[in-house]
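Chemist: Pasting a structure below so you can have a look.
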Amino acid sequence: MSNKSDQPSVQRRQFIGGTIAAAGALTLAPGVILHAASDGDKATSGASSKHRWGMLIDANKCADGCSACVDACNSEHGLTDLGRPETDAVWIRPVKLRDKQTGHVDRLVMMCQHCEHPPCVDVCPTNASFKRIDGVVLVDRHRCIGCRYCMMACPYKARSFVHEALSEQSVAAPRGKGCVESCTLCVHRIDAGEMQTACQEACTKEGHGAIVFGDLKDPNSEISRMLKSHNSVQIRADLELNTGVRYLNL
Amino acid sequence: MRSSLISNRLLIILLAALLLPAMQAFAESRYVTKNSKAASMESCVAPTDVIRRNHMDFLQHSRDDTVRDGVRGLKYSLSECIDCHASRDAKGQGVSVTAEGEFCQACHGYVAVSPACFQCHRTTPEENGSGNSLGYRLDAHSRALDLQQPAGR
Amino acid sequence: MSKMYYRELYCGSPVRFWMGLTLLGAIIAVGLGAAYYMEHQGHWVTGMSNQIVWGLPHVFAIFLIVAASGALNVASIGSVFGGPLYKPLGRYSALLAIGLLVGGLIVLVLDLGRPDRLIVAMTEYNFKSIFAWNVILYSGFVAIVAVYLWTMMDRSMEKFKRPLGFAAFFWRIALTTGTGSIFGFLVAREAYDAAIMAPMFVIMSFSYGLAFFIITLIAAYIWGDREIGVYRLTKLKNLLGVFVGAVLYFVLAYNLTNLYVAQHHGIERFILLDGGIYTMMFWVGQILIGSIIPLFLIYSPAFENSRWAIAVASIAVLIGGFFQIYLIVIGGQAYPMNLFPGKEIIETGFFDGQIINYVPTFPEAALGVAGMAVSLALVAIGARVFKVFPETLED
């Protein structure tokens, strides 16, 4: 890996020469230069269809009163609490359930389920909601016009709308007023090769280990092995969305 | 008639004589803010004239690669623009590139073009924001490749 | 039948026209100011939230868009189905349709999170999205109806009138199908996800559009000191009665289906019994004001030739229609999604399982009303510069 500012000064001097020469080069060059943009020497290879990222959440291990994963998610992505729960962004949320018949109580966390057939992607008029080739469902904020149709369509209520102007966002998660957003499965970490989401890291650190993240297409990954040996469920399985997030003991 | 023609010609020559050095000086000048990393560097990631003219295209091209295809660490990266070009205040804190007279604002204010980038992207270098800076992540990436990716956690 | 002359609509007094236009302009100005305020501050200043993502502006917008396609019906009956009584009303019908649609679209666009990026909606299409289709359907509607209006007004274009009338008619059916499908295609929420939404929206558009047509027609003829015959109004009134009845039938079918399916008992209980304000809106707004009162006024022999009864019935249909859309848009979101069947939610970080309270704010209402004002202003200006109204509509 060479260092970042590797432009030799000689090359620059040659290139500029005089203002006229530079102007001539500029009028000819743009098309060529544009393509040069994609071959930065430290660029990663990007998402691959060899993987499908997913998560497994064990309802038995999700501890009462714990908010480690939520806090970690908030700090990782710079989600700030403005004291307005109706409009504050929520990417991951704890839910506690009681069975109406049996009284059995479950606790789990809900977030974007990263469906194989995501309704939010179907309804998005501008292709801003999209599914990456490795199964991560994202919002491309460069295209989102803020129509909120995806929020109407999501069966998991996983999405939030940014209701106010923001500043000092996290570099990992640029976000701004008027766009919709949701759990990114810590895609910035995945792209950097770090196989651990912020929520999983926090949950493990707390000693609960209720969240397992991994590659659903790799039969040897922990998540695949656990899914094979345990009975897991999808939330709203009736919709046949084939979610990337699954639950144990629910 | 004739005399006015001459004076017109004279005027043009005079204007050109005045403007050319000014234009040349502008093209040669380096607008970098004091106390920024960029101030200590010879050149940007591409020759200054190229960057001046095409930075928006570079960034626009990279953004789709990164957001939609997950390609990171491209040569042209907005967060690196900010890291390098934001000036530092007396306490060493990064100053917003969109503040009055700062790197992005200075030119964009002059040409009356408002960049939409900063409705979503931060305008100051991220100091130690929970270890999210791209450099750190990419180091992790190369580590992970060397280690052959341990399964699961 | 004697020859029909059309003339620009001049008010009895010019002052009245300009005062009216100024008033509409003021309402529009307030609405634009409200939109700017909401966009500048962000949507947190509205009653909308992450739970109620579409609020009052959407109610206004959808109401106007649905009514727009219905307003074209009179023209369609005239040139597609050959109803001689309706023919002289065709031009105004087309003008009103364009006006209502533009008013609705303005509200829709100004409530986007990023209206400045509207261009993206025209350069990036996801053809699986009914919204993307609607962008085409709505703009196409304006274009087709504008040309249709031209063929009705220009004798040299007369030969294209019928084909364009047909095109406009099918396009408007597609448009309302598309609008209804916005909700029909949503599997997530219990109030939606029903194929009946599309035809129900079509029939709703017939009803609201005709009501809009009748009330503005009467107003225009009073405004311009022109005559309008009772016989013609009675014809329109009877048609309105059929449409109101048809809407009621669709509402019945929709609710009966839901009542039969155990999974949907919750939402039905919410609408019909214990939904508080939404239950009120259904029974009082939609059923009493929007259906029973107009049906009574339309079919009671006591009001057979009363213009006022026709006017009041039309207004009641519009009020009821507004509540109906409100109930569909807001009520459908206020009722919680059932993520965990058979379980009750005892703790949540995101309002799961709770009925959501939505209180619209003034800016939202101002934007919505401004949309209506845009429609009326366009119609007022259009009627003034084009020959859309017959000099007299005496029987």
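Cβ coordinates come from backbone N, Cα and C, glycine included.
Remember, TrEMBL labels are computer predictions, not curated facts.
Here's the feature list from TrEMBL:
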type: TRANSMEM; residues: C:21-38; note: transmembrane segment
type: TRANSMEM; residues: C:58-80; note: transmembrane segment
type: TRANSMEM; residues: C:92-110; note: transmembrane segment
type: TRANSMEM; residues: C:130-151; note: transmembrane segment
type: TRANSMEM; residues: C:163-188; note: transmembrane segment
type: TRANSMEM; residues: C:200-224; note: transmembrane segment
type: TRANSMEM; residues: C:236-257; note: transmembrane segment
type: TRANSMEM; residues: C:277-299; note: transmembrane segment
type: TRANSMEM; residues: C:308-329; note: transmembrane segment
type: TRANSMEM; residues: C:365-386; note: transmembrane segment
Chemist: Would you say the transmembrane segment (C:92-110) and the transmembrane segment (C:58-80) are in contact under the rule of three or more C-beta pairs closer than 8 Å, pairs 6 or more apart in sequence?
Modeler: yes
Chemist: With a Cβ cut-off under 8 Å, give me the same-chain residues at least six positions beyond the ends of the transmembrane segment (C:365-386) that come close to it.
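Modeler: Residues packing against the transmembrane segment (C:365-386) from afar: 8-10, 17, 20-21, 24-25, 27-28, 30-35, 38, 56-57, 59-61, 64, 91-92, 95-96, 98-100, 102-104, 106-107, 110-111, 149, 153, 216, 220.
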Chemist: Residues of the same chain, at least six outside the transmembrane segment (C:92-110), with any C-beta under 8 angstroms of its C-beta?
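Modeler: Residues 32, 35, 39, 57-58, 60-65, 67-69, 71-76, 78, 118, 138, 141-142, 145-146, 148-149, 152, 168, 172, 209, 212-213, 216-217, 220, 367-368, 370-376, 378-379, 382-383, 386, 388-389 contact the transmembrane segment (C:92-110) from elsewhere in the chain.
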Chemist: Please give the sequence-distant neighbours of the transmembrane segment (C:308-329): residues at least 6 beyond its ends with Cβ less than 8 Å from one of its Cβ atoms.
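Modeler: Tertiary neighbours of the transmembrane segment (C:308-329) are 54, 58-59, 62-63, 66-67, 183, 191, 204, 207-208, 210-212, 214-215, 218, 233-234, 236-237, 240, 244, 247, 251, 271, 278, 281-282, 285-291, 293-294, 297-298, 300.
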Chemist: At a C-beta cut-off of under 8 Å, are there same-chain residues at least 6 beyond the transmembrane segment (C:163-188) that contact it? List them, or none.
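Modeler: Residues 62, 65-66, 69-70, 72, 75-76, 78-80, 94, 97, 130-131, 133-134, 137-138, 140-141, 144-145, 147-148, 151, 194-202, 204-205, 328, 332, 337.
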Chemist: Cβ under 8 Å, sequence separation of at least 6 from the ends of the transmembrane segment (C:236-257): give me the contacting residues as numbers and ranges.
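Modeler: Distant Cβ neighbours of the transmembrane segment (C:236-257) are 74, 194, 196, 199-200, 203-204, 206-207, 210-211, 213-214, 217, 264, 268, 271-272, 286-287, 290-291, 294-295, 298-299, 310, 313-314, 317, 324.
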